[in-house]
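Enquirer: Let me give you the structure first, and then I'll get to my questions.
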């Protein structure tokens, strides 16, 4: 036990362990989940944490690979305004109609489609070119349980929001709508029919903040211990026979405390 403590203190293994944990935490693919209903707008991210002058890039893919410098094209880039100029927002490529809007550190999807649920990645780049670690967001859709028709029962309309077929679009009809008038094939599992907001995103953000606070507390404790030389004093107390510290003459010494 004493040899293990001596090895840890002499080689600063605890400090390297803390640094390694911080690096793994930053590179981990922990995405903030946001659920939304099809057809509604949604905003990813928040305005907090944006520093003036930062250029913010948004990608509709996972952050893995983007942090490694792979050649990827953003779907939206917020270019901060220069003195005397208006704000600029660029989308790549420019869609028609406009699908995304980005401002500061947020991305707004103006109309959520069934193809939108996926991972989105945000990367902030200050003017000096040293971009921050990317942040991952997951957009998902949720749905309610649909009801089915049983023999002898009246037809129950599905509560699943669907898209009419081409022959029923732009037509007004007074007859009762039947589920046969809708095309429900090809819709992905998990089609949305309710909106829960950004509760999951806030929970993930709170968990990330808690982890960082814990790491900072551990670092502060380690600094205090080494400032008051507590590990060295404990090592001297346990090393009653002078195995760990010996002077040039081979006898136990306490010069390391001076």
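Just so you know, glycine gets a Cβ as well, placed from its N, Cα and C.
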Enquirer: Among 208-228, 229-249, find the range that Swiss-Prot records as transmembrane segment.
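Expert: Spelled out, Swiss-Prot records transmembrane segment over residues 208-228, not the other listed ranges.
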Enquirer: Work through the glycosylation sites one by one (60, 104, 113) and point out the residue whose CB has the fewest other CB atoms within 10 angstroms.
Expert: 113
